[in-house]
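Pulled from Swiss-Prot, these are the features on record:
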{"type": "DOMAIN", "residues": "1-205", "note": "domain 'RNase H type-2'"}
{"type": "BINDING", "residues": "ASP7, GLU8, ASP100", "note": "divalent metal cation binding site"}
Amino acid sequence: MTICGVDEAGKGPVLGPMITAGVLVSDMSELEMLGIKDSKKLSPKKRESLFEEITFSWKTYTVVRTPFDIDSREGTMNAFTASCHADVVRALCADFVYLDACDVNAKRFGENVLRLSGSSAHVCSEHKADAKYAVVGAASIVAKVTRDRCIADLKEEYGEIGSGYPSDPATISFLTEYIRTRGEVPLCARRSWQTVQDILDRASQTGLSDFF
């Protein structure tokens, strides 16, 4: 029997892509022996180390959705995320699937993912599955490290952008200054996010020339 876990990183940030990753195993106990856990509970160095071991030892599949993809989506962000999970499930063809549900209704999320994927796999869709099941924890690590590397590339291109989250003052400062000086939204930003709309609204009210 094959088992896959699926999780995403970067659903909420205003900058950078959303990454959805899956890990396919035949025995979850091998992952458990590595001490796999939710990526958020690991140091960056430990995540990187486990990422290398996971991607070397097991089959993985990653879906990258850019800010443009996210802004162009039809429907809710939860539906968009379910479609990304479905892409991973379809690619890995597991007998049993563990999902970290992002919908308030975890069962509904699992049903939607299976329907979109066309898979006949058994599914376990739960909140905080990355902290409960090693295979989802492994997927969480792959997704998080992949996104962290994308953010590092963006920092090389744009300079200091912070973490990319709307709550990060460094991210807000970057967006505000970029829009003030360039008169446009950077390609790394999600235009449909309220954070960007608020900055654009302030810019239009004050005039870009004297904005901030």
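Here the Cβ of each residue, glycine as well, is placed from N, Cα and C on the backbone.
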Given the binding-site residues ASP7, ASP100, which one has the fewest other C-beta atoms within 10 angstroms of its C-beta?
ASP100
Neighbour tally for GLU8 (divalent metal cation binding site), based on other Cβ positions within 10 Å of its Cβ:
24
Neighbourhood of the divalent metal cation site (ASP7, GLU8, ASP100): other residues with Cβ within 8 Å of the Cβ centroid, in order?
VAL6, ALA9, THR20, ALA21, HIS85, LEU99, CYS102, ALA129, ASP130, VAL136, ALA139, SER140, ALA143
